[in-house]
Amino acid sequence: MQSPTPANARISIIGAGPGGLTCARILQRNGIAVSVYDRDPDADSRNQGGSLDLHEDDGQLALRSAGLLEEFFALARPEGQEMRRIDPSGRMLDHHLPGPDETSRPEIDRGQLRDLLLRSLAPGTVRWGRTLRSVSGPTDGPRTLTFTDGTTVEADLVIGADGAHSRVRTAVSPATPRYTGVSFLEGWFDDMERAHPELSRLVGKGSALAADGERGLFAQRGSGGHMRVYVMRRAPVDWIAANGLRPEDTEGIRAHLLHEYAHWSAEMLRLITDNDGPFVDRPLFALPVPHTWEHSPSVALLGDAAHLMPPLGVGVNLAMLDASELALALVHSPTLGEAVRSYEKSMLPRSIDMARRLEGGAEHLLSASAHELEEFERSAQAQP
Ligand SMILES: Cc1cc2nc3c(=O)[nH]c(=O)nc-3n(C[C@H](O)[C@H](O)[C@H](O)COP(=O)(O)OP(=O)(O)OC[C@H]3O[C@@H](n4cnc5c(N)ncnc54)[C@H](O)[C@@H]3O)c2cc1C
């Protein structure tokens, strides 16, 4: 079948995360119609999580193509670039304080980024409460999208921006994410200046990381006086149930952690004992490296759906760069097939290279040596 022109094609994006929304915005800005489907019941139904740093060379570049860079800087927190490395006793090992004009990687709350992108779309672009179950139909299209509510949609191009456990990916690749062996447990703090002044002083205005080789704590300030902490450890994927605990048993989980972190100072342990509300379990998964698939003119993957990696600060940036490159390829190519092929030609080598550098990277977050982690991050983020 002749591959349709992007301007006349029915394009569906699955996933209203940073990748899917960036792609939709750039397509619409260039006169290409698109629909986005997300399983969330509405835009506000889920806490979007913590803070993200958007880098000059990828996340910010994508926002420039989306015409949203100025609005981003109005919301971003350059002071969030402060980074402290602490040891388990609370002693500072390393401190990066951003200069007054430093804007290479300012922070923004994930929720603020999602709102910024959503506001930029034509009303009704995102159809909430639509969970994709499967993609069927011939490789050269059209594809039939079936949702869990029984509804179906025909698409000439389906863009899989549906994250780590993508359903769209199953149409082109049998790969499934594997557990990395490292688990994050998320805790939240509210009203930092008044309710948690000691922790506010310990962490500063950006992030603080401490580790002892086996386990670590990573604290990160957000807007509105909030802070997020990740308790990072090597653990079985089902460690909560395996220890006879339930996810909502905050006190039981805390007692378990205090036993594991027994040799850490009382000051550092406040990051485990003083959080507001329950913990959220976030075991880390990654796709096999390298992850590639047979080209199909009717399916494109971007972001975590294409290349889920350990979270070392590049995931959202790569997702937005992918989104921008795919959207611009659709704007400038005569057919869907040529657009997807030209996008994959740059995205696949870039993501394979980064995935190779970050393979096993979750373990590096637990390294007791500030120097070792720094070296790892430098080599991972160096240009090829
Ligand atoms: C603990 C943790 C911390 C992280 N911290 C950082 C960080 O500091 N910096 C950074 O750059 N990256 C970080 N990452 C990685 C980052 O979150 C991802 O790389 C990024 O969100 C990928 O964007 P995306 O648009 O591809 O997918 P996602 O943000 O995962 O969005 C996917 C969207 O698809 C929707 N969806 C999923 N399945 C379906 C379905 N079947 N049907 C319909 N909709 C569906 C979801 O509701 C969601 O809205 C972190 C990841 C983790 C796990």
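Using the three backbone atoms N, Cα and C, a Cβ is placed for every residue, glycine included.
Taken from TrEMBL, the feature NADPH binding site applies to Arg46. Residues or ranges marked as FAD binding site by TrEMBL: Asp53, Arg110, Asp304. Per TrEMBL, domain 'FAD-binding' is recorded for 11-176, 298-333.
Features recorded in TrEMBL, as mapped to the structure shown.
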{"residue": "Asp53", "record": "FAD binding site", "DSSP (3 states)": "strand"}
{"residue": "Arg110", "record": "FAD binding site", "DSSP (3 states)": "helix"}
{"residue": "Asp304", "record": "FAD binding site", "DSSP (3 states)": "helix"}
>> Among Asp53, Asp304, the binding-site residues in question, whose Cβ has the most other Cβ atoms within 10 Å in this structure?
In response: Asp304
